[in-house]
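A.B. asks: Structure below; questions to follow.
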Amino acid sequence: MRLLLVEDHVPLADELVAGLGKQGYAVDWLADGRDAAYQGATEPYDLIILDLGLPGRPGLEVLQEWRAAGQATPVLILTARGSWAERIDGLKAGADDYLTKPFHPEELTLRIQALLRRAHGLANQPQLEAAGLQLDEARQCVALDGQTIELTAAEFRLLRYFMLHAGQILSKGQLAEHLYDGETERDSNVLEVHVNRLRGKLGREVIETRRGQGYRFSGVAG
Ligand code: CA
């Protein structure tokens, strides 16, 4: 999953970029509201974390502009402590959730996971499940028939994306765009290698190749 982080407080941004990276998210970081308005409207993010107090343009205005343009990406806003007015304005402008600074990194993680499940119609799942697999996002492993299967960081990233899009045909281009940040070189051969390793661990039938179209992660269990 690829996230946009808009935060002008550099120490916090550094900490969040590092922490989210360890959790298998590809993160693009911006500090300026004008840059965020443009990039958030043009790049295919899965979720946006938006600070409201920004140089360039206020975060609230940026969010209003995205929503007015039909941009439906989940947005989690970061607000100042004690500012209920900011939270209310943010929610009215179309934010999906908020966190008040300072916050515990684990709270951000759990809110991101929940927002992503909700955005993919899986709000009822306390943990990500598809095709008989249960993904443990904290430990980055997967359970199948009561057995725990360890995953590499790259396999975990890929499997999480597949599980959130079970049953859908995903092109290699789409996968590359959503698994890697804007700075990473996107090599479709590398993607193929990881797909084959996941098949080796989970069973060949779990990920189907659609010639000329891409891959389809098995939607239905059994
Ligand atoms: Ca700020």
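Please read every residue number as a count from 1 along the shown chain.
Cβ from N, Cα, C; glycine included.
TrEMBL lists 2-116 with the feature domain 'Response regulatory'. The feature 4-aspartylphosphate is assigned by TrEMBL to Asp51. As annotated by TrEMBL, domain 'OmpR/PhoB-type' applies to 125-219. Marked as DNA-binding region by TrEMBL: 125-219.
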A.B. asks: For a quick check of packing: other C-beta atoms within 10 Å of the C-beta of the residue listed as '4-aspartylphosphate', how many?
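C.D. replies: Its Cβ shell of radius 10 Å holds 22 other Cβ atoms.
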A.B. asks: Is Asp51 (4-aspartylphosphate) helix, strand or coil when read with DSSP?
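C.D. replies: It is in a strand.
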